[in-house]
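TrEMBL annotations:
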- B:5-114: domain 'CMP/dCMP-type deaminase' (DOMAIN)
- B:HIS56, B:CYS86, B:CYS89: Zn(2+) binding site (BINDING)
- B:GLU58: active site, proton donor (ACT_SITE)
2 protein chains.
Amino acid sequence: MDEMTTDHRFMQLAIEEARKAEALGEVPIGAVIVKDGEVIARSHNLRETSQNAVTHAELTAIQDACEAVGSWRLEETTLYVTLEPCPMCAGAILQSRIPRVVYAARDPKGGCVDSLYRLLNDERFNHECDVSEGVLAEECSAMLTDFFRALRDKKKAQKRAMREVE
Amino acid sequence: MDEMTTDHRFMQLAIEEARKAEALGEVPIGAVIVKDGEVIARSHNLRETSQNAVTHAELTAIQDACEAVGSWRLEETTLYVTLEPCPMCAGAILQSRIPRVVYAARDPKGGCVDSLYRLLNDERFNHECDVSEGVLAEECSAMLTDFFRALRDKKKAQKRAMREVE
């Protein structure tokens, strides 16, 4: 096996987080925040479990990282996330001054880093990020596609079962 | 005194929240979320006190409102906030499906509802909001201007005091 790069290694941890979300029936998205080569926060999407709209992987990881470093400024950190951030999470990245963001798959429907907007690279805001995309993108993309396919299959099976009962 | 409209009444409560932030030395921004004529969440900016980058008034109000209704969907609610929301808070409004947002003053440097972007009215996202602006805008704007002026004066006085010590 080729030696994995640092970015691949940390994205693998973000994928592990996404798998925890999947195990709970949540859309599989995971994030980790790294400082000086150490993971200071790791989190996964918990929207359904928590019934709290803001519990996206990135947002809770940012909250945990602020607690870990004792500051709202997450200087010298890198955030790894399996899917391109939404407007809320891109905004939280700006608010916490994270200097570098690495994401795996693009989100053409809601992504605000490259797809619909480029919120992390707008010089009118008081912070801009260095962004890398595409790290383990295929794996992260397949994880989401498989999840939504399984969800559709489950709903179809439920409908069939309902019709049989009627 | 003229009878205040409902929007004015709830914006007054948001201003009360902002004053709580100010008393803590925080940038004075407050928010309330209303459902069926009742306040279900009220919050103020706590970034410095909490040292947590995501503790903007709107975001914590949304978290509290989700807890209050037991759902990540804040249907049939209105969010009142003293300043035009930033990208993070605008994104959290979309994520929580809040149908109506009323804000007081525009934020030309970071506002993402009308000033820099119109995130709450982009049909590519899976939610759009009805937005009203300008309710008690002068009062909210003056509150912020006064806060930043006092902060500058304090810093100048500190510098003078430092020079006298040297």
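Note that Cβ sites are derived from N, Cα and C of the backbone, with glycine treated the same way.
Since this is a predicted model, take the numbers as computed values, not measurements.
Here the binding-site residues are B:CYS86, B:CYS89, and the one whose Cβ sees the fewest other Cβ atoms within 10 Å is B:CYS86. Taking a C-beta cut-off of under 8 angstroms and a sequence separation of 6 or more, the residue listed as 'active site, proton donor' has the following same-chain neighbours: B:ALA31, B:SER43, B:LEU79, B:VAL81, B:PRO85, B:CYS89, B:ALA92, B:ILE93. According to DSSP, the domain 'CMP/dCMP-type deaminase' (B:5-114) comprises 44 helix, 26 strand, 40 coil. In this entry, B:CYS86, B:CYS89 stand out among the recorded positions B:GLU58, B:CYS86, B:CYS89 as having a C-beta under 8 A from a C-beta of chain A. Around the Cβ of B:HIS56 (Zn(2+) binding site), the number of neighbouring Cβ atoms within 10 Å comes to 28. Per-residue pLDDT, averaged along the domain 'CMP/dCMP-type deaminase' (B:5-114), amounts to 98 for this model.
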